[in-house]
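Feature annotation from TrEMBL assigns Mg(2+) binding site to 23, 26, 27. Per TrEMBL, the feature domain 'FeoB-type G' maps to 5-171. Taken from TrEMBL, the feature region 'Disordered' applies to 173-218. TrEMBL lists 330-350, 386-410, 430-452, 464-490, 496-525, 563-582, 705-727, 739-759 with the feature transmembrane segment.
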């Protein structure tokens, strides 16, 4: 890698504090992208401490082992084994010192790959507080790599870890390979193979100051297991010229454990070699996977012998007593309901003033620019297109930031893992596991942060299914539509059972429909387009921890920045397109006519409230005519034959087109169409205009049946360009965004059609 900065990989189990260490080592300056060919996030940064300063540190997805079962784990495996890219110059393996046995399983696999390794025993402060003691020097001697004790949240041991990494980078790859071979089990040599096949080191000079301590004899590997591994290893050496001795052995063991999963990418020759090894073992009555896992855990136990002393637990711990409530089938659900109620209350209460401030700031900038530029197309593009488009992006930031801050706090505290465990029983019915529930629930606030929250799901199929159904959750942007329609079609004094208002019952029904549709859609997608077995929820309940404010802020900022730079650009572009559709082409003759009308009012009406009202009425009427003349207005007429069976006319069609910018825009678009100006859902003039609206045959437009049909359409339709943009960003392909938009549109159309046509057959289409 001459001329390039050395590459150091940061590997470790989930919840081992890997990201906190990454932030400490890089000074929180990370570049975020995707690994080639997949949508797995890639975070990298430059080391900023110690003699390794300038090296590139890559934060790999968390994985418990090199037995890949998901796209994230596959990325980690490929990077560690050097599959498809240059192998790393060194690897930092982060292990949770409170669960060291589990962390060392991965560490021994990485050591087998033959790269220089540094083991970081993170959360050592918690381990000591629990009464555990670790002899780091003895463990280093057993493993053959440097071991550094760290507490990332307190910045303890970070400088020492950086120095150990610098020393690891000085080790020649051949030396690391030789140590890996020393640590590997001895095997009987095969005909035609030399010292390397016997496990003898090559290229190692005694007394090398950079050489790590050699590992003592490892637990003896059963002869049959060694033979099976050697069989696959021989194929790797023959087919892959890049694989050195240690790499070939590591790849052989990975293939044996991993290639039963057809979704994993691997050469056919490697898949066939692993299959042959399994078949031969089965004929001998052996389970190759169990043998290899048992041997590796034996190796881990041998390394820990004398190096780890665990405290005896006396009586029931506080954590266990809390878990008795939080993971209880009933009380756990109740506790989660309370937590989410508090979260959403804070989400709405805290974000509302921030959103209002952003909207006010955008409006102020628009007024400032409008006053500074001469009237014309350029000013309209800048003010109503570009600046409004920026506002459409930035207005989501408060909710996204707050939701991710809450999710990070819940996750880092250890509570989210317990929620996933409790909810898993419920989510199993639709083929998802418990972790999918939080993004789905978040969709009732806003689909944008909810789609981003699917990143907490490890399995790509689960992630895709969840982001495909999250937009069915009845988000807050639909509420203005519900409020307007219910106020128009129902008497506010009408009661159900003499107690409940009709509007409240209808709103409850819309939210119920949303919940049912979300779960049914997930089940259907699991059994069709994204067919596959349900991913089992495998997790270890982490200890309760107090989240680091620094880590919460960094994680929140990373998500906000990602949204602004990726999805935000698409939203901005689409905002300008929607504005263009609803604003052009212009009608010069109509503009001249309305200008003359305003001049007439100014000349004939005395200055005062009467003149202002007349000018405002003229402006509203002009805006309505301009909208009807625009491409969007004409498109409303074009789609009228398609939406007429749903009970809609071209005016509602224009509102639906405008709502693609954002669902709540439906209300203000109707205000322009009906010549009542820019309004909200509480506007009495718009409500009266809708109540009085007539079809060409003189019948009422907004009957209760049409209103219910319209609300059902909005419950199920994907009327949000921002959601489409974010799904495209998160899924990595337009096909998934297109699939979501397509199935939701068809579902909305069919459901609305059924409501309206069945209602007509039952005679419910009267006023």
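The backbone N, Cα and C atoms fix where each Cβ goes, glycine too.
Note: TrEMBL annotation is automatic and uncurated.
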Run through the Cβ atoms and count how many others sit within 10 Å of the one on residue 27 (Mg(2+) binding site).
12
Given the transmembrane segment (496-525), its same-chain partners at Cβ distance under 8 Å and 6+ residues beyond its ends are 429-432, 436, 440, 443-444, 465-466, 468-470, 472-474, 478, 482, 486-487, 490, 708, 711-712, 715-716, 743, 747
Folded-back contacts onto the transmembrane segment (330-350), same chain, C-beta under 8 angstroms, at least six residues removed:
398-399, 402-403, 406, 410, 415, 418-419, 421-423, 441, 444-445, 476
Taking every residue in the domain 'FeoB-type G' (5-171), what is their average pLDDT?
82
In terms of DSSP three-state secondary structure, what is the assignment for residue 27 (Mg(2+) binding site)?
coil
